[in-house]
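Below: one structure, written as structure tokens.
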């Protein structure tokens, strides 16, 4: 009583406290960063290593395996995967959430150093690492085009100057430059000219390497001067290499230009990048795992004027893709939804109270509670994101509830002609416990979420804390500011003797009278109501089992990623043509704004595309509808497939897959994996629940197997090392020397001129110089036959792995897809040597599915404990919790009606309903218990009177919560796919709960009261006279 009086009788202090809360909130709002979702990125580090010319199997066994054994010892590694292709190995390390990325990077570097002695000696450089997830979509793509500069020169400028500058911006984790490679001097050998001159490829290589050296020469000095010695020991251009003498034949000099074409070109000619229809260099920028995407993009944009100033006029720099506009638009939509929710809630209060002064009180309490929450969000290190702002939108209906309960009770005393200050004090005292019970039990719902681990727990933590803080501030405001404003602003008035004169009052009275009549009938037919109650419990169970489920709603971010997978024997020239064809088909779609892509590198038969769609206001279709339309057109392209998927704000795992979800096969036996993977992939492709089924196992590439005749080689004076060196020199794009320049280092690359290596007959032109100096054709000691070979070798841990990726057809949920895959694996009878499991997002979905029921039960149990402590009763909490089944039925039926799967967002809605719908029961039970204690009423009379007296605040609070959530259901535009499931769940649950709990709660109250009396009679002992 004294606590409430302290604020009611000191209005200045109370107002200043509320103003302080508001000002802190405004300051926090201005300082809060902006993000699409809470920070949920796993720390990921990518290790790269190269050995030009090495086969995928060689890379896997000699490079990947030693590194994996060393990296696998690092603490906190959640998953380690590797992919080895021609001349390249990439290892992805995904760490636990709590692992610091910088500490992990130090451990990775130490592990690389420890494995260095086990790696092949011919590697051009040590393995390197990057603190970025290669499977993440770039946050920004910049393109460089030029009419006069070559692609190699553009690439050099991009990688040497632009990429280095951008990488220094806060938040940038990796700048991947694609579309070409660094400039190089390429030496294209003529096998016939070499044979005629008797010059071996090794001799050419050694001559070039010896002629281009960079060594210190020292200095000369006397007593006065010092002269540094400088020589022309370096060759920098193709023109300088052409006259190089590599051999003497009968006293005549054989120059490099006599046996080879020497050109200024690039290190790897098998690379191509495009933007729309132009050749381009792409700078694909990815953020650090812990970085904020908006702040990083803003930092890059702020740097762009400086970058453009340093770019020559012949180069055009453009932003091809930027993830931030749709994120900003989505957050703006949420902010507008929040404003609409506040307005609707205040409108509901006004319609019920029919007083401007009375409405002003909750109209002040709501913004104070919501704005004050921003200060706590800032102190907790949160961000303004879709989930935290949705929490505030939903909180609108909650925070007004507390003010309504206090205000409505004070207004009742004022109608009884009590003085305003006395009415404020008395009314607040009467419902203070009720308000505290409602708020604490609502906050208790979110305690299990705070203890939930993994990605779902990290994702939901900001939502739970934000909503809990808003409710906590609302509780303080409703018990301090609200009664103070009531006491000083409202006046005593006569009871409304003729409320029918006003429309809302007339409707409310009619509803109350109708409710009273129907409630009497229900209390006389309690068994029927009991059957209905049990039916809702059973229906809950059936609906939860039957409803389709998914992890997270599919987002329309306005960005698509595409992975091209062509025939495994395709040439680079043909693959470049496929890229151009696919880009033209996509560019012609009316919903597409921009398209960029690249192909080449270590995987000739694959490519990547990034598509930016027009803003939502300029296109009618969703991203998924655009994909469905393009899928039909793209299927007509022979010899290659393009798999499209919408970029999501949540991407789990480090695998670069051509679809959104993955199923990984593991085996310690590579032959068993290669035998069963095609069978499993074929069976999964036939499932109607899956689309775009593809695999990263590519073991049907064309290979030419050379079989050495070792006896013949020994007789001819040739060893295997010389033969292998011949092949590497001829066909491996071998980097044989380094050209040092002030800004970068460039390579001299040697191979047989492409004119002489167009088919297998090129092998017949190869020869080795034996120990006697004679040219021995390769065909003298080797035979060759075509065979199949892997284009890549993949590992997970230290096991051979193959990942089958898939998308979901429109109308199919992730739960339906995973169930279909599990059934198929059982039907196929896959042996125990091959193990299958979901990975990435699908894996997290299964883990979440296993914990959902536990989470819901834990929330109910927590609420029961809190209510039990507050009421000092085992029974009354059960009465209050009896409101939950009807809310669950309403929520699940609403999701079914809107064809929305049960996702993590819908789970949040269920958790919220646990907190919302019990408020009705709390108000009923509190007044019934008080009526029994002080009024001497029977339980039947007490609960009946409580239902009628609390009918108006129950209707007000429920409608306030319902209208607070309604904008989420009706919202469109960017990010609506996240907001709608939450709104649908809450609105459906509230409607059904309101219809049923007004009748089931009094029946359950009476049931437990009779049960209590029965047990008390059984346990009572007769008085024994002594």
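Quick reminder: no glycine exception, Cβ is built from N, Cα and C everywhere.
According to the topological domains annotated in Swiss-Prot, residue 132 and residue 564 fall on opposite sides of the membrane. Within the listed segments 826-848, 895-917, Swiss-Prot records transmembrane segment for the stretch 895-917. Matching 389-411, 504-526, 527-549, 550-572 against Swiss-Prot, the residues noted as transmembrane segment span 389-411. Swiss-Prot assigns the feature transmembrane segment to residues 468-490, out of the candidate ranges 284-306, 307-329, 468-490, 583-605. Remote same-chain partners of the transmembrane segment (895-917), defined as residues 6 or more beyond its termini with a Cβ less than 8 Å from a stretch Cβ, comprise 394, 397-398, 441-446, 449, 456, 459-460, 463, 467, 543-544, 547-553, 811, 813-815, 848, 852, 855-856, 859-860, 863, 883-884, 886-888, 961, 978, 980-986, 988-990, 993, 997. Proximity of distant same-chain residues to the transmembrane segment (985-1007), defined by a Cβ-Cβ separation under 8 Å and at least 6 residues beyond the stretch ends, is recorded for 394, 515, 518-519, 522-523, 526, 529-530, 532-533, 536, 878-880, 882-883, 886-895, 897, 905-906, 908-910, 912-913, 916-917, 920-921, 924-925, 928, 939-940, 943-944, 946-947, 951, 954, 958, 961-962, 965-966, 968-969. Count of Cβ pairs under 8 Å against the transmembrane segment (389-411): among 336-353, 431-453, 948-970, the largest is for 948-970. Of the candidate ranges 7-29, 336-353, 360-379, 431-453, 948-970, 360-379 contributes the most Cβ pairs within a distance under 8 Å of the transmembrane segment (468-490).
Predicted-model confidence for the topological domain 'Cytoplasmic' (354-359) is 83, expressed as mean pLDDT. Remark: the transmembrane segment (948-970) contacts the transmembrane segment (336-353), by the rule of 3 or more CB pairs under 8 A. For the topological domain 'Periplasmic' (380-388), DSSP puts the residue distribution at 3 helix, 1 strand, 5 coil. Listed as Cβ neighbours of the topological domain 'Periplasmic' (380-388) (distance under 8 Å, sequence separation of 6 or more from its ends, same chain) are residues 29, 32-39, 292, 330-331, 334, 459-460, 462-463, 465-466, 975, 978-979.
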